[in-house]
Structure formats: C-alpha cells, structure tokens
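Feature list (source: TrEMBL):
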type	residues	note
COMPBIAS	53-93	compositional bias 'Polar residues'
REGION	53-148	region 'Disordered'
COMPBIAS	117-144	compositional bias 'Pro residues'
DOMAIN	146-230	domain 'Ras-associating'
DOMAIN	270-379	domain 'PH'
DOMAIN	473-569	domain 'SH2'
C-alpha cells in the first residue's frame with residue numbers, strides 16, 4: 001500500500017512539475033523562482049512519505065500475504081518459517097524527480113525521432129519571458145456583421161433585392177450588382193440615393209456604408225444603380241476644373257497639377273470657394289442672390305456685399321452632418337430660377353422643409369465646381385483614396401488583362417481549298433492576294449443578300465438598318481429632353497454619347513454628345529449609293545453601311561465631331 005502511495009505521489013509531483021514548467025514557459029513567469037518552490041515542496045513531501053513508511057508499512061511474505069506484528073497463538077501447531085533476507089521483497093522508496101532533467105530527456109527523445117524544426121519564436125524562450133505592451137494587444141472582438149436585404153432599382157424601373165452584410169460599402173455593392181447583371185466593371189458604376197418627394201438625388205461615395213445611409217432615408221426613397229463617369233473627374237483634369245475667380249488659394253498652384261491637388265487635400269491650408277448664388281429664403285417661395293463662401297468649417301453667406309469679415313458672415317449649412325444633392329426638377333417643385341440647382345440636406349430620415357438649403361448656380365460648370373468643392377472639403381484624402389484604389393488594382397492586374405493570343409492563333413497559316421485537297425500557301429504575296437479575293441467575294445455575297453432581303457416582303461428592312469438596336473448605346477425612340485437628362489445623370493464628361501431615333505425624320509438618327517459640359521446633337525442621315533443604303537454624319541463625305549461601323553469609326557477618329565466618342569450611356573435591367 002505504501003509503495004503504491006509513494007508511486008502515486010511521485011507521478012503526481014512529476015505531472016505538477018511538468019505543468020508548472022509549461023505555464024512558466026508560456027506566460028513568462030520567473031522560472032528559477034518557481035523551481036526553488038517546487039524543490040522545497042518535494043523535499044517536505046519525501047520526508048512525510050518516509051515517516052509514513054516506518055509506521056504503516058508491513059513486509060510481504062513469499063505467498064504475498066502481509067506479515068502480522070502480533071505474536072503467534074499458543075495453540076498453533078507450528079509457526080511459519082521466517083523469510084530469509086534474500087527472500088524479502090524490497091519496497092520502493094520515494095525518489096526525488098527533477099522535472100527539468102525529465103523534460104530534457106523527453107525533448108532528446110523527440111528530437112532523435114523527429115526532424116529538427118527551428119523555433120519560430122526564439123523570444124519566447126525560458127531565459128527571456130515575453131513582455132507584451134498593452135498597446136499591441138488586439139482590441140476586443142466586436143459584434144459580427146449581420147445580413148440585411150436591400151432593394152436596388154435600375155433606370156428602366158426594374159429592381160432586385162440583394163442580401164448584404166451590414167458593413168458593406170457602396171463600392172462593394174456596386175461590384176456585386178455588376179457581377180449579377182453581367183456588366184463590364186469599369187469603376188464608373190455608382191449607387192444613387194434618390195428622394196422622389198423632395199426631388200433630390202446624389203451619388204454615394206465608395207466608402208459609405210449602405211445600411212447606414214439607408215437608415216437616414218424615408219420610406220419612399222430608394223437606391224438607383226447607375227453609371228457616373230464624372231465621379232472622379234476632378235482628379236483627372238484638376239487644372240481646368242475650377243474658375244480662377246471662384247477660388248482663393250492659400251498657396252497658389254502656379255500651373256502645377258500636384259500642388260493644386262495638395263491644396264485641396266491638405267487640411268491645414270484648404271482653399272476657399274466664393275461667388276454669388278441664388279439662395280431660397282426659408283419659409284418663402286422667393287430666391288435671393290447672395291455672396292457665399294465655402295470653407296471646411298461650413299457654408300457661409302455675407303450680410304454685407306462681398307465682405308468676408310467674420311462679423312459679416314452667417315453660417316448657412318454645416319458640412320459634417322450634411323450631404324449635397326442635385327435638384328431634379330427645381331423649377332417646377334421649388335420655383336428655382338434655372339435648372340442648375342443643388343440642395344444641402346441633413347443626414348437624417350425626417351427632414352423639414354426649413355432645414356433644406358436650396359441653392360442655384362448660373363451654369364452647369366459653376367454648379368459642378370461648388371458640388372465638387374463640397375465633397376473635397378468634407379472627405380478630403382478619403383475621396384482621393386477612393387479614386388486611387390481602382391487605379392492601383394488595375395495596375396496590378398494589367399498583365400492579366402492584356403489580350404494574349406492562344407497557341408492555335410499563333411500557328412494559323414493561309415490555306416487554299418480550291419482543289420480537291422487543301423494546301424498551305426507558303427508565299428506571302430499569294431496569301432495576301434487570296435485574302436483580298438476572299439474579301440471581295442464576301443462583299444458580293446453580302447450585297448446580294450441585302451438586295452434579296454429588301455425585295456422580300458418578309459424582310460421590309462435590311463439587317464444593316466436594325467443591327468444597331470442590339471447595342472447598349474442605342475436608346476430607341478426617346479425625346480431630346482430625355483436624352484439630355486440621361487447624359488446629365490451619367491456625368492457631363494467629354495465624349496459621353498448615345499444614339500436615338502430622330503423625331504423629325506423617321507429614317508434618320510441622332511447622335512447626342514457631351515463636350516465641355518455642354519450637350520450637342522448631330523443628325524445621322526441615310527444615303528444611297530449603287531443601290532445600297534449607307535449612313536453619314538458629314539453630308540456623304542464618310543459613309544458607313546451600319547451604325548455600328550459609324551460608332552467604331554468616331555471612337556477612333558474625331559472627324560467633324562468636337563471630340564471622339566469615349567463613353568456611352570447605358571441602362572442595365574437588374
């Protein structure tokens with residue numbers, strides 16, 4: 001019994017020592033101090049076990065029975081022979097076990113049977129316990145994001161309910177919608193906050209949280225999925241963006257584009273935007289022309305002419321808790337003096353009319369200047385990071401986006417199938433001549449098919465006159481005003497265009513093009529030559545068999561247009 005107790009005590013002590021060593025190793029306690037305490041505890045335990053063995057232990061006989069300390073009974077016939085000293089079983093005594101030596105032997109066994117693995121954390125050794133500063137500790141885990149349904153509408157009235165996380169940004173949702181709609185992701189898609197009752201709308205910034213924005217929208221408001229090519233136009237052409245008379249620079253850029261960007265993004269020396277705006281008076285239908293100054297601290301108006309002294313400036317709107325919107329139909333709804341209206345609205349669901357700050361600029365360029373300056377002064381460097389993220393991602397993926405010809409295309413050769421068996425044309429001149437003959441034969445076949453289809457009663461119009469209706473840039477039978485509205489919604493940038501049916505000539509088409517923030521219309525007329533119908537934009541000097549060829553040509557050549565065709569207006573059905 002005593003031997004078993006001693007072995008149990010020794011095993012427990014060894015396990016306790018091993019556990020203590022592991023704790024000291026992981027948590028950086030004083031190892032030497034801990035080992036001294038363990039040794040002293042083991043010595044006291046050994047002495048106690050020795051005292052117990054002297055009083056309670058009984059020697060074992062050969063038959064495995066315990067020998068009795070009491071004298072034998074007098075009536076017993078004979079006494080059992082006493083066991084010789086050699087036949088006595090020796091009891092095991094408690095042995096002082098060194099845990100360090102035991103662990104070293106165990107480590108030697110492991111290293112001898114397993115390949116050597118370097119210690120990836122040498123600073124966690126017993127000689128140098130780790131010291132973790134409080135600042136480097138990770139923050140406590142926050143509540144994980146949940147899922148929520150968001151309904152998004154397209155320009156044609158269709159909608160889609162998308163399940164998103166509560167921390168999803170506007171950029172992430174746009175990329176998700178692009179993926180689901182099978183569109184081309186050219187970083188010009190945006191989410192629009194639309195308020196039909198107030199007649200307001202704005203494009204969400206890429207970093208804004210969709211769920212947070214939705215919480216500040218009334219029930220009748222909705223999100224629109226739309227293109228906006230002018231979202232970061234300022235970072236592309238900053239020198240021609242702001243008129244000189246509207247900006248007061250702390251440090252003149254002197255024609256330096258980088259300096260101009262630095263002036264707007266630097267929080268210490270931001271420029272001021274000043275000029276006259278038509279401001280709607282609170283509680284009245286009338287508008288008043290005031291001298292307005294936009295700073296990082298807010299939008300102010302002067303009570304005395306063009307004075308910008310502090311005693312003459314009154315706060316008109318705050319930038320931090322507000323957002324700037326376009327007025328959709330300002331003339332009809334708010335009696336605005338023109339169509340270049342904007343509104344500064346507080347970021348909350350229930351907004352009274354007296355809290356809206358309605359403004360009107362003189363033209364589209366001045367309105368764009370004010371709205372862009374509002375975004376720059378409010379978001380600053382964050383807005384520039386939103387612009388740079390797609391550029392950096394495009395630069396990283398550019399080697400993978402370049403079209404690479406396959407092996408089969410690189411191994412193509414010219415063939416002649418005029419005989420019974422085909423043969424490879426080795427002569428380059430003969431191969432070029434065969435290609436020209438094939439091209440002429442293809443044109444003759446296409447002309448013959450056009451004549452047959454035009455004479456057939458089942459095909460009143462040729463394929464060339466209807467093939468453009470499958471293109472995204474063709475918007476069908478819409479009015480002149482509707483085409484201008486689409487151009488304005490998708491950004492007044494140079495080269496933005498669409499094609500539509502002409503309202504005055506049923507056989508003609510109209511090209512609507514934006515140049516220098518102005519919208520121009522060019523009529524495309526049909527003309528006949530050798531019995532074929534062509535389309536021209538310059539009175540027959542340049543002819544095209546269909547509108548797809550016309551658009552492809554003017555995307556590469558300026559021709560009679562003020563600029564090349566660069567971006568096309570598109571409507572996607574969700």
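Cβ coordinates come from backbone N, Cα and C, glycine included.
No curator has checked TrEMBL annotations; they are predicted automatically.
According to DSSP, the domain 'SH2' (473-569) comprises 20 helix, 35 strand, 42 coil. With helix defined as DSSP H, G or I and strand as E or B, the domain 'Ras-associating' (146-230) counts 18 helix, 33 strand, 34 coil. Residue counts for the domain 'PH' (270-379) under DSSP, helix first, then strand, then coil, are 27 helix, 44 strand, 39 coil.
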